[in-house]
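Below: one structure, written as structure tokens.
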Amino acid sequence: MGIPLRWSWFAVFSCLLCMGCGVWCNCTEEGMQIEGGHYTLTKQMRRGSMMIYHCPENFYPFPALTRLCQLDGSWKPRPQRFKPQRCRIVECPDPNVLVEGNVLPPQEKYFVDNETTYECYTGYTMRGSSRRVCLPNGKWSGSTPICSRDSGANCADPGVPAGASRIGNVFGIDDTVKYSCNGKLFLVGSKERVCRESGQWTGKEPACYYKHTYDSPLEVSEAFGSAIEQSLATLDPLGKSQDVMLIL
């Protein structure tokens, strides 16, 4: 075991000397394999090459999705000795954040194809999806379930997305709610929303995702179509039809 280690340090030292002479170092494949999957390289082992990990459906690369070959012949991020690269089953954010209701079944973690149902306490009405499934892209199907009752507030309860925490339970005009994501999740959408006089919340409904989460082709196409509609509405705010003449 000692010889490979000494050789590794010698290789790094030689590489640093070569860098001083204007010669770049190549990276190595040693210790870069992924359990349960494979990887591809954009520029073989040369400087600037991207190592992209691939896993079977319903799994994702952990702890790194990609690595970059640097000038000194090392990979970034560096492989971790006690966290070997492997394929993990996709996990969805914890849905047990429902206020005034129950989530069934109660579990510590929820993985692909796990199904959940939502029930409201007596006196509360369900809005959103009463049944959701953890999808292969790390998102829940349907929409955020919300248990609410008529409190006379100007805005409806905006709910709490899976994996999130909310500060603010008063929904009158100019009242504010703030969101944050739990654990290693990151927030997409509005961190803070304000109740308008119109009864609508400012900003965009927030969501919490893991870094392995991605948009499905359907979500991408819907977002693209929505962007086109908004662009057309901006160009023609009065909604008038316009004739286009082509001159050949």
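Keep in mind that glycine also has a Cβ here, set from the backbone N, Cα and C atoms.
Whatever TrEMBL says is automated annotation, not expert-curated.
CYS120 (disulfide bond) falls within a strand when secondary structure is assigned with DSSP. Within its own chain, CYS120 (disulfide bond) has GLU100, GLY101, MET126, CYS147 as residues 6 or more apart in sequence whose C-beta sits under 8 angstroms from its own. Look at TrEMBL and you will find CYS120-CYS147 (among others) tagged as disulfide bond.
Taken from TrEMBL, the feature disulfide bond applies to CYS181-CYS208 (among others). Within 10 Å of the C-beta of CYS181 (disulfide bond) we count 21 further C-beta atoms, all protein chains included.
Per TrEMBL, domain 'Sushi' is recorded for 90-149 (among others).
Positions annotated as domain 'Sushi' by TrEMBL: 153-210 (among others). Mean model confidence of the domain 'Sushi' (153-210) amounts to 96 (pLDDT, 0 to 100 scale).
The signal peptide annotation in TrEMBL covers 1-25.
Cβ neighbour counts within 10 Å, taken over all protein chains shown, single out CYS208 as the most crowded of the disulfide-bonded residues CYS147, CYS208.
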